[in-house]
């Protein structure tokens with residue numbers, strides 16, 4: 001959870017510095033917080049810790065690579081992305097014209113950032129997780145080179161790669177079966 005918060009915070013802050021306050025609840029049982037001292041920090045007390053999150057002061061061109069997206073209309077959108085950023089981050093930060101892309105904002109709750117990779121790039125990607133695979137099962141236009149853009153982070157080896165957005169989009173959040181007694185909320 002903390003790692004995800006840091007990733008989201010880093011993406012939101014970009015190259016600016018920010019400060020985040022994290023609340024840590026004590027573990028159940030006697031003794032309160034591990035390592036706490038003094039009265040008032042046991043039981044149900046809440047300790048506050050300040051965490052500083054900051055990006056690099058300036059991004060050099062060496063830290064960026066070129067990525068080509070082919071959107072649903074067949075138009076090629078070329079942009080730059082920072083090494084380490086996800087493909088979802090690249091689309092959002094560069095305001096690329098890809099309708100509905102990243103509806104869940106990278107929380108692995110939809111499949112709207114479904115992308116199809118070139119074979120030579122696909123072979124270099126990190127192994128797919130079970131969670132990503134479950135979301136991809138709900139995606140339209142699934143291929144053997146499909147991945148979710150929110151799960152793929154840029155590396156130097158991806159420079160000048162081309163990824164294709166499938167012709168149709170599917171949002172897994174809209175295809176959840178709520179059971180026989182559920183009604184559609186409009």
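Just so you know, glycine gets a Cβ as well, placed from its N, Cα and C.
What Swiss-Prot annotates here:
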| type | residues | note |
| --- | --- | --- |
| TRANSIT | 1-58 | transit peptide |
| MOD_RES | 61 | phosphoserine |
| MOD_RES | 64 | N6-succinyllysine |
| MOD_RES | 64 | N6-acetyllysine |
| DOMAIN | 65-169 | domain '2Fe-2S ferredoxin-type' |
| BINDING | 104, 110, 113, 150 | [2Fe-2S] cluster binding site |
| MOD_RES | 156 | N6-succinyllysine |
| MOD_RES | 175 | phosphoserine |
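Features per Swiss-Prot, on structure.
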{"residue": "64", "record": "N6-succinyllysine", "CB count, 10 Å": "17"}
{"residue": "104", "record": "[2Fe-2S] cluster binding site", "CB count, 10 Å": "18"}
{"residue": "110", "record": "[2Fe-2S] cluster binding site", "CB count, 10 Å": "25"}
{"residue": "113", "record": "[2Fe-2S] cluster binding site", "CB count, 10 Å": "29"}
{"residue": "150", "record": "[2Fe-2S] cluster binding site", "CB count, 10 Å": "27"}
{"residue": "156", "record": "N6-succinyllysine", "CB count, 10 Å": "9"}
Which whole-number value in Å describes the distance between the Cα atoms of residue 156 (N6-succinyllysine) and residue 64 (N6-succinyllysine)?
8
List the other residues in this chain whose Cβ sits within 8 Å of the Cβ centroid of the [2Fe-2S] cluster site residues 104, 110, 113, 150, in sequence order.
88, 102, 103, 105, 106, 107, 108, 109, 111, 112, 135, 148, 149
Residue 64 (N6-succinyllysine): which of the binding-site residues 104, 110, 113, 150 is the nearest Cα neighbour?
150
Looking only at the domain '2Fe-2S ferredoxin-type' (65-169), mean pLDDT returns 95
Please report the DSSP secondary structure of residue 64 (N6-succinyllysine), reduced to three states.
strand
Look up residue 150 ([2Fe-2S] cluster binding site) in the DSSP assignment and reduce it to helix, strand or coil.
helix
Secondary-structure category, per DSSP, in which residue 113 ([2Fe-2S] cluster binding site) falls:
coil
